[in-house]
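Enquirer: Dumping what TrEMBL says about this protein:
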- 1-47: domain 'F-box' (DOMAIN)
- 86-127: repeat 'WD' (REPEAT)
- 295-319: region 'Disordered' (REGION)
- 297-313: compositional bias 'Acidic residues' (COMPBIAS)
- 538-570: repeat 'WD' (REPEAT)
Amino acid sequence: MASGPGLPDSLVLEIFLHLPHKAVLSAGFTCRQWFAVSRDEFLWKELFYNYYCIPRSVPRHPAAVSWYREFKRLYDCIPCVEVQTLKEHHDQVLHLAFSHRGHRFSSCSKDCTVKLWDTERSDGTISLVHSSSMRQFNWGYTQFSQFNADDTLLLVSGVYLGPHHSSSGEIAVISLENYTLLSRVRNKPYDVFGCWLNETHLISGNLHWIGNMTSCSVLWLNKAFQDIESENVNVVKRLFKIQNINASTIRTVMVAHCRRHDSPDLLLDYEAQSQAQAQAQRTQQHQPLFFDLGNTDSEEEEDEHDEDEEDEERGEKRVSAHLPACNPSGIQHVIHGHHSIATRDRELETKVARLMGSRRTKAPDPNLVSPTAPGEGEDKTYLLFTTGSLTYSPHQIGIKRIMPDQMTTCGPVLGEERNTDEFFDSLDHVIDIHGHIIGMGLSPDHRYLYVNSRAWPAGCVISDPMSPPPIAEEIDLHVIDLKSLREERRSLRAHRAFTPNDECFFIFLDVSRDFVASGAEDKHGYIWDRHYNICLARLKHDDVVNSVAFSPADQELLLSASDDSTIKVWRSPRMVRLAEALQRPPRARKLLSSLFGHRSANLNGKP
């Protein structure tokens, strides 16, 4: 730039405030003065709030070091670039699950296989490692999988096809050392899914109908290695027995270990964030408050960034392809008898069931789910599941504390703490979502529960439990704090679903350190930022997106599974550029490094 009197910094800043962020970055290359102004904190704060349309009341992320780097993190570190499409499945892909180490993931599909994939290839691509078909065990399809805590065992849940076209569920445990089947466990209804309690024990369900509208859900603790130990030791133990009314059942069980509630990855309460940040600064001034946001400075700060399709049809009915709102072996029995049972008879049955339940249910202990007092250091474990009390649609989240003596199958199978009048277990806490719950996911620290639901109309009254209210096409993503047991903030919304109440199926979501992602019926996956509560990306498929999964080792790697029979692999723009740079010939990399080094030196005033 020619020498001479330049514009004052204040005027340059005023001009930059009216430019898009890419133009600001480009203008910063003009001279040292403009480069300095182009990194001004006030400038990037304004660009940040304006570009992402974030309310000014929302503070900067507590671990962020500058507005510029925070803008760059949200712009450049979101896994929104499709880098690979996996087509080894031959039917709808229903669920994805990563190992805890992130080196592998599993996929379940309508083709009745569970597949294992490797994510640690030297060229950065993902490859198939193993495939197991469950058709030989009379399964209809696989629907869910989960690695145990040390990644040695895989739990696979599926639909078992019984006689007379009845279907219930079954859980298989597969060794990841030699891919042998270790055990099979009954699971009814099949949308209980099942889950690991610890490295060697898993939870399953069973359902007993005791009336047209009333049933009993039993949750069982099972040892993974049953065949070799069942003759000598207990391998099954009943955890809870819970009464269901109005044709509802317990489904979608998951376990939350609350040991890290007092040191969360991220606090979603802005006031609590400020208080914690002030406390941290007093005690450890230079320590990052919650977590490291990741190093985004491996490339030059000056690199430029390069950047909808609506659903046109609702598609065919997909009850057989996905999880319906009700269990065929139980709820279908209720629906079949719907026309022959008068409304007053159903109401009478519900009243009798409530009366029986109130007299024969073990009294709840309010202290079981109360917040832990400071200094107690108690390691609480919660069993979370969907349930209901007004209709068969799952509209409530039930919470039941699992005590330390219930963590093993040793001891009496039915327990000795229950007297003869205590036939049912009570729920320790219930959260009503006021809508049809279609998905749940835990944050990595198990502090927050994210819930996908389709809302009922405001003020609706359910007079017939077999006729639940219509549900919204918009999916609300609720956030529940498992420490305070209340909903935190407003719901996230961007994704949609179209199937009616009686055909509604599960849409799996996943939560990473910074982000939350979900599938949708509008042929897209979605990513939101957990702190700023904003939608950051839409991930395109050719059909319904059923499941998404972040790598626990790298949240800039995301997978999505769809009815189009594919699994798509998404990486952040930053990681894509780094991979491309590594693939260039050594001479080209050396020239680029020399060029960037020379440019950086000039920008810093060096000859």
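Using the three backbone atoms N, Cα and C, a Cβ is placed for every residue, glycine included.
On a predicted model such as this, the values are computed, not experimentally measured, just so you know.
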Enquirer: Could you tell me what the rest of the chain brings near the repeat 'WD' (538-570), counting residues at least six beyond its ends with Cβ under 8 Å?
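Expert: Residues 77-87, 89-103, 105, 107, 109, 119, 126, 294, 308-309, 315, 318, 321-322, 444, 494, 506-515, 517-521, 523-527.
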Enquirer: DSSP-wise, what's the residue breakdown of the repeat 'WD' (86-127) into helix, strand and coil?
Expert: 0 helix, 20 strand, 22 coil
Enquirer: Which whole number is the mean pLDDT over the domain 'F-box' (1-47)?
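Expert: Within the domain 'F-box' (1-47), the model's average pLDDT equals 88.
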